[in-house]
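Feature annotations, courtesy of Swiss-Prot:
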DOMAIN    400-519  domain 'RCK N-terminal'
TRANSMEM  4-24  transmembrane segment
TRANSMEM  55-75  transmembrane segment
TRANSMEM  87-107  transmembrane segment
TRANSMEM  111-131  transmembrane segment
TRANSMEM  152-172  transmembrane segment
TRANSMEM  177-197  transmembrane segment
TRANSMEM  207-227  transmembrane segment
TRANSMEM  230-250  transmembrane segment
TRANSMEM  262-282  transmembrane segment
TRANSMEM  284-304  transmembrane segment
TRANSMEM  324-344  transmembrane segment
TRANSMEM  356-376  transmembrane segment
Amino acid sequence: MEGADLLTAGVLFLFAAVAAVPLAARLGIGAVLGYLLAGIAIGPWGLGFISDVDEILHFSELGVVFLMFIIGLELNPSRLWQLRRSIFGVGAAQVLLSAAVLAGLLMLADFLWQAAVVGGIGLAMSSTAMALQLMREKGMNRSESGQLGFSVLLFQDLAVIPALALVPLLAGSADEHFDWFKVAMKVLAFAVMLIGGRYLLRPVFRFIAASGVREVFTAATLLLVLSAALFMDALGLSMALGTFIAGVLLAESEYRHELENAIDPFKGLLLGLFFISVGMSLNLGVLYTHLLWVAASVVILVVIKMLTLYLLARLYGIRSSERMQFASVLSQGGEFAFVLFSTASSQRLFQGDQMALLLVTVTLSMMTTPLLMKGIDKWLSRRLNGPEENDEKPWVEDDKPQVIVVGFGRFGQVIARLLMANKMRITVLERDIGAVNLMRKYGYKVYYGDATQVELLRSAGAEAAESIVITCNEPEDTMKLVELCQQHFPHLHILARARGRVEAHELLQAGVTQFSRETFSSALELGRKTLVSLGMHPHQAQRAQLHFRRLDMRMLRELIPEHSDMVQISRAREARRELEEIFQREMQQERRQLDGWDEFE
């Protein structure tokens, strides 16, 4: 692509994302499907704005690369060792069983057995990018099914290496094209990368961090990710696997959170680009001429993978309420199929339109997953939120709730337990199925689903409740829920969790005055203990804490008008100096006053 063409393509991608994703969210079909539809619209089979799909698709794989790096940062080697049973047990079983069944069906569809084997392996893989994105949206990350899903995806990435090595063997060209010496050199280079990364990455980042320049740290992070991806690509291996390993090597370093913050903005944009590229690659011409074949293939692919995954989840001991989510989120074909099928095509394994048919099947199967997840979500909501048939009902089952608590993570649990201990009637909304089942055992009245849906709020008793406590992890969900409550349930007294000052400003601007910054109170308490440890009298330390809390809240409110202004930083510095002066003046004034505790303690 020329420079001007690349810039034009970038503008088209951004326009497609900005136009399609909000529309998809309004229709309730999810951001991923919105990206796919946007890609179809601007691709060669849509409006035809972009025709060089292969080059863009290869570049857009960087979205998956960045995603795998961040996942690697969240896992250390000891954690991977703990997951070995699910990775090499369930993951291997899923790939082998699905590939065997699908290969057999492809042979019945007049594929040569060599092409059927490659096709079965490619179709057995799932989309890492789509599955992880949907698991995050559905709150599956913390659940047992989410952890098992990640293990399966990780094994699939590991399976890339032998699958690519298998293609020339099946093509009957092993003697000409398969050089065992080159394979050995690739393995050696991979081992050198592991050893070098283990002992060099942390000292290098320590040296870079010592410069104190944030931009250099971000540049070094990008250099690491892109270099690892390029190195693995040069070896003929999975780029995503290379960056995942780099992330794991840095998972126990002191720079883990800084690395994640540096990469996160690029990850989101490039993942969107990847899904748009997949939509662009959909060959509508093949779809029109082989409509029944493609439709049957998509249904068979999804059903076989779901049945296989459901059976494995049952054998692994996953709760029945989580099995359908686990099976559906991994039921699609994956991005690896594009690479594997292209390699097989270069070895002349496929005949006629076989490769095009397989790629259309993979693309359409990816489009079915968000819709399938949405349908299963509704089914689970009806099943879990309906009247219970057993006699073990919570003690508040027939009462209208006084308070609705949204989210039952560590923050929400403390609030719910406090309210229950004081005999308040509460209803909890939670989208983690495992947490829902556990809470019901302890007598909580709980509804499963997305709290940003008005129907769920109404079913949970929002019209009769007095207050709603919002403890969502994502600030976007919190603000959307605040807007919904103000629009549909204006009588509700809204109390919310704020992750920091930025979220607190947004809540204040939305009219929510009752909120708690999750780390502020605990930090103040630890600060009070620090003052006492330095020799300050406990009562004086308590007063210092109260003064700081009051003055900090005042400054927080005063800075609201300038929250989005360029002068915010200078105003914040001025406010900090003012706070210090007022704090010192008031503390000196109180020290002159006699206090019974100070005098006689």
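One is the number of the first residue shown, and numbering goes on along the chain from there.
Cβ coordinates come from backbone N, Cα and C, glycine included.
Contact between the transmembrane segment (152-172) and the transmembrane segment (207-227) is not supported, since fewer than 3 Cβ pairs fall under 8 Å when only residues 6 or more apart in sequence are counted. For the transmembrane segment (4-24), the residues of the chain that approach it from at least six positions outside its boundaries are 30-31, 33-35, 37-39, 41-42, 49-50, 56, 272-273, 276, judged by C-beta separation under 8 angstroms. It is 284-304 that, among the stretches 262-282, 284-304, 356-376, forms the most Cβ pairs under 8 Å with the transmembrane segment (87-107). Note on the domain 'RCK N-terminal' (400-519): mean pLDDT across this stretch is 85. When the domain 'RCK N-terminal' (400-519) is classified with DSSP, helix, strand and coil residues number 50 helix, 26 strand, 44 coil.
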